[in-house]
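Only one structure is covered here, and it is reproduced in the block below.
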Amino acid sequence: MLRIYSAWLLILLQLPNIWCMSDGRRDELRDETASLFKHGYEGYMKYAYPADELRPLTCGPLYRDPDPNNVGINDIHANVSMTLLDVLSTLPVIHPTAFPKAVQLVAEKVSFDQDVKVQVFEMTIRALGALLSTHQTLDDLPDDPTEQYRALHLDQSEVDESWIWSSRKSSTIDVKQYKGRILELAYDLGKRLLPAFEPVTGIPYARVNLRTGLLKGESIETCTAGAGSLLLEFALLSRLTGDDRFEQLAHQAYLAIWNRRSAQNLLGNTIGTHGHWLAPGMSGVGAGMDSYFEYGVKAGIMLDDDTYSDIFYDSYAAIQTYVRTTDGFIYRPIQTRLLQPASPSTIDSLSAFLPAMQVLAGDVESAIKSHLVFWNLWRKYDAMPESFLWQERKMEWTGYPGRPEFIESTYYLYQATKDPFYLRVGEKILHDLKTRTKTRCGFATLKNVMTGEQEDRMESFMLSESLKYLYLLFANTPFPNSNTVFTTEGHPLRMPPSLLKQPSSTRRALRKGENPTCPLYRPNTVGGSSGSPGIIVGIEGRGDYDYARSLVYGLDDSGAQVEDRRRIWYDGGVCKIPIEPKFTFEIVLSPLDSNNATAVPPEDPSPGPNKVNQDPLTGHYQITDVEGLRLGVRWRFDGKGYDVASIGPHRIRQGQNVIIRDPAMRDHLPIPATTPIDSTSPPELLLRFLSYSSPKAAISLQSSEDDGQVLLHAVGATAIFGNEFIPITPPELDEGPTSWRIGQKPIPLIIPPETDGKPYQGCSAMSLEWLGIDHDSRDPFVLMVSRGGCTFLEKLLVAADIGATGILVIGHPPIKAGEPVSPEREAEGGFEEGLIRPSAEYDESDPRFRNVKKVGMIYTEWVIGEVLKQMMQEDDKKILGIEILNIDSPEGTLMPPVGSMTSSRSCEKDRTTGEGLLMVGDWPIMNLRVTDNAIRFQQGKSPESL
Ligand SMILES: *[C@@H]1O[C@H](CO)[C@@H](O)[C@H](O)[C@H]1NC(C)=O
Ligand SMILES: *[C@@H]1O[C@H](CO)[C@@H](O)[C@H](O)[C@H]1NC(C)=O
């Protein structure tokens, strides 16, 4: 069964002719791109072939570097005419006359039996991908050579050079005869890469020797992208040859990486083949990670396999939640454990692939934004610098080796939006490539995009990808059809219907009701009103177009450096930094217990069919008992609000609806807010932990001269009850602290001793002596307690009794895969490992709760507590201090405020049907309905009609 993927079916809007590029001009640009490509190809064939690469300045061949450590060259140079191999799939598109001869040369001359150590990833994406793609192209050609000639659109008036197939001389060459040989080469190469896979973990070593296999003492260090981007090529190789090993190993490697994700679904960048993440523990979308995500979405499309698309959408949600800045424009690396931006914070040119992937995934709006940042980088430097310090607005690495990612994204966005803006972007790219990188025989790498200084290297992707995507852009070539994708090296690969695997019956059942739709791109308009559509202004007319520009340039064209990012954009107080709604979060449902407001229902991590089930007819999910259900909620790509993406372990797919028909909810329509939030505290804060050597400092850090040493930073979530965390203002500094404030001087952090090997949970009061607190001092302190044992409210009341200013709650330890969960923990509902906002319900007028607002509560992850405890163990004379900072600092906010779930907005009830739509802040959860009408659903009607 073929599944047509919606991403290919973007509905394209034709824009009016304003600012349009004429078709004539576009054709001119296409032809100009083609002639640049021919220039580079012929230069390589004349001056460098059969070497792997051309030296574009000295016009000679570039061979392997005798220095084995020069991996920049040697990873790719396998003595297999790599540039010729890599352009094989581009020739039929741009320079078809050269195609037959090129195929013949590869088929007859290339051998992978070489005594060279090369990179598995590079050999796969450049060589293996090209061979498989070429095999498929040849397979598609008619058997009759004359017909082949016609199918390839060969131009009769080509020059007669030895590396060009002369139509006059050899029009009878049967290029299809090489089909088998090309696949044989691919198979041979594939087998030579197999020794790379570590047998236990399944994670491949980064490099192997093509002749002798894995070398003794080979480095175990590899990266997420390197291990996770073999899927497309290996899967197709397996299905074409019938040898399952390749697909199995690539699949295992992909999952081996995913299974090591963090609690937030984040992956690290560097991993050892033994399966442990290695320093520096960063997560992002650029170098080292990029194509892992890309291959998730593309394998989902090509193999029609939900395993990969599910992984992709989960990892994408984590990226949108943690890696993306709150304005929605920048994707910068973060520390995987602490969820803090890396410092210094850079974006690299490889991450310019992201908009293309976002278009494929259906998130066109995010693609437009991320592309605008790279567009401004390109136009500022007339090329794409390798790495950019976005906060300082200056380059980190100045080179540009002809990389394709930005061009690729421009092509995808043009196809998705048909906005001529992207053609003009292409025009600028073409101009810069021509004037800055073109040499007598090829294209040089730019060593410095500012000075234009060139380097004697032409990577094979300059021809095979950069010029190809530029050509596809101007040729207005639509995306390939279903089950076909461009690999990360730009080689089109196709899974023929005969080789597709049937999804299992369980998977088919789960897919019922699934209806992937693609967000329709709506161009920006101005002057419209309800009755008139307004004038289409396109990408450049977007309100945030200039915002993206200011991110790269600053406010004035000279690129003056501005310390505070907010200052420049609050120019005259007119423009606001855009804020994207939080991408994902979780909510736990429970009916309100009207007899006991403090009752906290246990979470149900694996709800059975008595609570959740899928309607076999419609595929929709119904919830018959809401008690303790955990809903994962995700932002919709069409910008209309949120969708429920999961209920506990059940995944809700696009188009599937969730209907709550719990009789207990009947009395609660509209649903009373489970947790009214009237807190003005920011949802998350940056915690800074310091250590002090002098015990005296402990008495009052407020008056301490000892500045302390910063131990670590962490993100904490504020409770939605208790003390409000507000920034301290200068006059209050003098009065001394009355409550826990943002920006206050550090407060001593007390870590109570363990009893019976168990950390203090703060459920019962302890003496100040036991806690190690001086009786007479009336100084503030913060108590660290572990989650569990009692409710958050009880912990806070106990802390208030002891006289604490604040309480730092440490989350549960992560649950190891396959390890049983203790009943106590299950009862506490302690399944989450990331941040949550503690909540409580109580009657404010009840005198028992009069102290609640005096104590502040912050929740942080388990690992933070572990690190702090360990530091204390090393030196028990040390005194800890804790300080809280507003996370919404110019360094980039990690999380935007979640719309609060207030009682007034929690539910909009349609009185006539007794249904409610759950609101999260300003946004509805679109696929969730609360109904008291059970019968209609049982009749199998689709809820849209309710
Ligand atoms: C390169 O490969 C060819 C055969 O494909 C071989 O004859 C030649 O010796 C190789 N060169 C080196 C330097 O290994
Ligand atoms: C209310 O619920 C809490 C927590 O579940 C429980 O400890 C307490 O005993 C309950 N109170 C009443 C009056 O049932």
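Using N, Cα and C of the backbone, Cβ positions are placed for all residues, glycine too.
As recorded in TrEMBL, the features of this protein are as follows:
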SIGNAL    1-20  signal peptide
ACT_SITE  GLU122  active site, proton donor
ACT_SITE  ASP290  active site
ACT_SITE  GLU386  active site, proton donor
ACT_SITE  GLU405  active site
BINDING   THR488  Ca(2+) binding site
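Classification of GLU122 (active site, proton donor) by DSSP places it within a helix. Long-range Cβ neighbours of GLU386 (active site, proton donor) (same chain, at least 6 residues apart, Cβ-Cβ under 8 Å): ASP348, SER349, GLU396, TRP397, THR398, GLY399, TYR400, PRO401. Under the three-state DSSP scheme, GLU405 (active site) falls in the helix class.
Annotation note: THR488 (Ca(2+) binding site) sits in a coil segment as assigned by DSSP. Rounded to a whole number, the C-alpha distance linking ASP290 (active site) with the residue listed as 'Ca(2+) binding site' is 9 angstrom. Considering other CB atoms within 10 Å as the measure, the emptiest surroundings among the recorded positions GLU122, ASP290, GLU405, THR488 are those of GLU122.
Here GLU122 (active site, proton donor) is positioned 16 angstrom away from GLU405 (active site), judged by their C-alpha atoms. In the three-state DSSP scheme, GLU386 (active site, proton donor) is classed as coil.
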